[in-house]
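Student: One structure coming up, written as structure tokens, with questions to follow.
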Amino acid sequence: MNHLTGLSRLSADSITGLLDTAAGFKQTLRSPNASFSPTLKNRRIALVFFENSTRTRFSFEIAARNLGAGTLGFSAASSSVSKGETLSDTIKNLEAMQVDAFVLRHPSSGSAKLISRITPKPVINAGDGSNEHPTQALLDMFTLREHFGSLKGLKVTIIGDVLHSRVARSNIYGLLRAGAEVGLCGPVTLIPPDAEKLGVRLFTDLDRAIAWADTAIVLRLQLERASGTYLPSLEEYSRHYGLTDERLERTGKHLLVLHPGPINREIEISNHVADRIQPPGYSKSMLLEQVTNGIAIRMAVLETLLGGTP
């Protein structure tokens, strides 16, 4: 594996290898005075983010530093991009500064793949438009595997704005390859028209989707995109597709709940469901555990792509 631009073509063995490597890092992270071998000492990793990020950017920075690498921050507004420099030229110039790897977030779908074709340095996709977000899916899969023991045969329902979600796409590819069953639930206007061709189940009724599933990944309703013809109103969306205690109690199902963040509270998920990490209740939130697991997964990705002698 030279790059990680998506999960659509990543083999099941490669996915398992990354999850296994992350498990080793997670075990060390649990230690009070966790320390790691500086396998990436003297490596420089450019965090090239053209969109805002909290969890992904900071966890990549922590992951890199845990392994001894240095990171270079990047802001499009304060770079030559604001003067018209292209993405390709930006990458080529950073490469000339002896950068060893690129972590790229960009609003254009396919941008990570494009960059991987013009540089021999590893490119890690931290989210490209509505295309993919592979490390988020890997940390979701890692979280589920840690809880259930295996992904094979696990029924995972992905709820909400699937149409615009790069997280959903990467999760669909990765979960299916790992042997899980995947269901998609949301308004017809927010489900990709070709979704069934991917081998997933489709639900428009959230109660039925919950009753079928072992766990749910709730997606952020992308308010900047999902408006107008996609949704009549936020109130109607929340009434039909918001995950609440009342809905879970009605189905009688105890559900493990994931969300990639950031959360639109009381729209796609209630405060109680988002914050409940202990019983009693009909759900258990894994949201903060996902954030913790993101460090281990991103360490595994960096180690896999860059480990060894420079």
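If you go along the chain as it appears here, the first residue is 1 and each next one adds 1.
Every residue, even glycine, has its Cβ placed from backbone N, Cα and C.
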Student: Quick check: of Arg30, Arg105, Arg239, which does Swiss-Prot put in the same carbamoyl phosphate site as Arg55, Thr56, His133, Gln136, Gly261, Pro262?
Tutor: Arg105
Student: So of Gly261, Pro262, which of the binding-site residues has the fewest other Cβ atoms within 10 Å around its own Cβ?
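Tutor: Per-residue Cβ counts within 10 Å for the binding-site residues Gly261, Pro262 bottom out at Pro262.
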Student: Same chain, not part of Arg55, Thr56, Arg105, His133, Gln136, Gly261, Pro262: whose C-beta falls within 8 angstroms of the C-beta centre of the carbamoyl phosphate site? Give them in sequence order.
Tutor: Ser53, Thr54, Ala126, Gly127, Val167, Pro260
Student: Look up Arg55 (carbamoyl phosphate binding site) in the DSSP assignment and report helix, strand or coil.
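Tutor: DSSP assigns Arg55 (carbamoyl phosphate binding site) to helix.
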Student: Measuring Cα to Cα, how many Å separate Arg166 (L-aspartate binding site) from His133 (carbamoyl phosphate binding site)?
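Tutor: The separation of the Cα atoms works out to 5 Å.
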Student: When you tally the Cβ atoms that lie within 10 Å of each candidate's Cβ, which of the binding-site residues (Arg55, His133, Arg220) has the highest tally?
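Tutor: Going through Arg55, His133, Arg220 one by one, the largest Cβ count within 10 Å is at His133.
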